[in-house]
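Database features (TrEMBL):
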type	residues	note
DOMAIN	8-144	domain 'YutG/PgpA'
TRANSMEM	35-58	transmembrane segment
TRANSMEM	79-102	transmembrane segment
TRANSMEM	122-144	transmembrane segment
Amino acid sequence: MFAIAKLVATYLYVGLLPKMPGTWGSIFALPLAWFLYQWGITTYLVGLATVTLLGIWASEIYSKSVGNEDPDEVVIDEVAGILTVFLFIKPTPLSWVLGLILFRVVDILKPPPINWVEKIPYGVGIMADDLLAGVLVGVILFAVERIFGFG
């Protein structure tokens with residue numbers, strides 16, 4: 001069970017790459033977002049829900065097994081966060097680059113209320129702060145896209 005949880009929590013071991021695991025997890029989430037987008041909104045939502053639920057399960061098992069409430073190598077939360085960002089914006093190269101960069105900035109800085117949610121331990125907390133960051137970034141980029149018309 002631990003081996004499967006580790007595979008999911010680290011997003012196919014991407015989280016084990018040296019240096020900046022959250023950034024790597026976010027970057028490697030982009031092909032999944034693109035793939036899901038090609039199949040329409042229903043598939044995209046099912047994919048996001050699946051990643052989220054599996055992420056809660058896997059990060060809970062993995063983090064408790066290694067004795068750390070939020071291990072750096074758990075990056076399935078970044079995958080869910082990136083998928084959440086792209087629910088709100090059109091898939092253009094510019095919007096995806098902006099989404100990736102802004103998501104990483106918000107995920108690192110963790111402004112309120114994201115920092116409050118992060119305090120929830122283990123699986124739910126690991127996933128919730130990145131999902132909330134994804135919503136925040138998605139809403140910001142949705143507004144920017146509408147104002148400046150880059151989408």
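We count from 1, first residue shown onward.
Backbone N, Cα and C define each Cβ position, glycine as well.
It should be emphasised that the depicted structure is a prediction, and the values quoted were computed from it without experimental measurement.
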Given a Cβ distance threshold of under 8 angstroms, which distant residues of the chain, six or more beyond its ends, lie next to the transmembrane segment (122-144)? 52, 55-61, 63-64, 69-70, 74, 76-78, 80-89, 95, 98-99, 102-103, 106-107, 110, 113-115, 150
Provide the three-state DSSP residue tally for the domain 'YutG/PgpA' (8-144): helix first, then strand, then coil. 103 helix, 0 strand, 34 coil
Note the mean pLDDT of the domain 'YutG/PgpA' (8-144), expressed as a whole number. 96
